[in-house]
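For reference, the structure discussed in these notes is given below.
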Amino acid sequence: MSLSRVSVTAVRNLHPVTFSPSPRINILHGANGSGKTSVLEAIHLLGLARSFRSARLLPVIQYEQLACTVFGQVELAEGGHSSLGISRDRGGEFQIRIDGQNARSAAQLAEILPLQLINPDSFRLLEGAPKIRRQFLDWGVFHVEPRFMATWQRLQKALRQRNSWLRHGTLDAASQAAWDRELCLASDEIDEYRRAYIKALKPVFEQTLSELLDLEGLTLSYYRGWDKERELSAVLATSLQRDQQIGHTQAGPQRADLRLRLGAHNAADILSRGQQKLVVCALRIAQGHLVSQARRGQCIYLVDDLPSELDEQHRRALCRLLEELRCQVFITCVDHELLREGWQTETPVALFHVEQGRITQTHDHRE
């Protein structure tokens, strides 16, 4: 799948624009502050209904504008196309349109337009809180396991109910037991989906990483959020008093984590920023392979400032892996000459110059 047309209005410093990207490689180049990253942010908004640059919406909406909007036409892997649109206003409200109809949730966008982001903050996947790694894991499971979303919603409902009565004691014993049973059932299913996903991801990740970096001894493991030797029901019973004291459930899938270690150490404590970036690239490219296998389609990759922290050898290796995915890629850089030799002659590559918020398509960089 790929975006064949993108229209952006009132996103940061971008002038209203409609452009037609290449179905393969798109390089957006220009000076710092020209608006290159804002183009990626607009596409990210279209696919996930949120920004990757700010948790707050207001900075995304152009000054003195009431809302920002992004529209896109997606060429589907199975043929045909789908039209997507999103508008977000200053009050935080958003409207999603899919093929002319109102949609209820951002998950519907994500299903049609699976996006992968690689940017200078990618190291947070290794260094950041477990929540970031759970989001990475669950993004992957969502795109390969059709039952995941419904089970996830059951889990969240049961968890909210349990946490509410832990804080307020509003449920009788029978209701408490019923919600605990539902929580345990949904938790076991989520754990099963996650374990199956990690089992499929690990060999693809290891192979991908070996083409980017020689890191003997790097291991990827999964912690499910409670003792692997015990049933969750037993863990919840044991920790009930403590859960009541702090007002929330300590054990369960909401505490899961991915652990990357190099020997006896956390990988984030040992690796340089450049090495961390390559590890994250390998993880995200591996996810792309699994999406392709499960959906007979491809992710779309948003790569912000690709040359950052990578030498020429590693830039070329990363470009080669992205090219082998045969997917659509949007890459930003200051100097497109740094990426000139990264692609096969037959691969379509489109150049877009971004200057003061205006986007101009130039030419295939080999012309």
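Note: Cβ is positioned from N, Cα and C throughout, glycine not excepted.
Copied over from Swiss-Prot:
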BINDING   Gly30, Ala31, Asn32, Gly33, Ser34, Gly35, Lys36, Thr37  ATP binding site
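For the recorded site, Asn32 (ATP binding site), the DSSP three-state label reads coil. Summarising the environment of Gly30 (ATP binding site), the number of other Cβ atoms within 10 Å of its Cβ, over all protein chains shown, is 23. Cβ proximity to the ATP site centre (mean Cβ of Gly30, Ala31, Asn32, Gly33, Ser34, Gly35, Lys36, Thr37, cutoff 8 Å) flags the following additional same-chain residues: Thr332, Val334, Val354, Glu355.
Around Ser34 (ATP binding site), the C-beta neighbours below 8 angstroms that are at least 6 residues distant in the chain are Val354, Glu355, Gln356, Gly357.
Note on Gly35 (ATP binding site): other Cβ atoms within 10 Å of its Cβ, all shown chains, come to 25. Cβ neighbours of Lys36 (ATP binding site) (same chain, under 8 Å, six or more residues apart in sequence): Leu28, His29, Gly30, Asp304, Thr332, Cys333, Val354.
Summary for the binding-site residues Asn32, Thr37: the Cβ-based neighbour count within 10 Å is maximal at Thr37.
Its own atom aside, the Cβ of Ala31 (ATP binding site) has 12 Cβ atoms within 10 angstroms in the protein chains shown. Long-range Cβ proximity for Gly33 (ATP binding site), meaning a same-chain Cβ under 8 A and a gap of 6 or more residues, is found for none.
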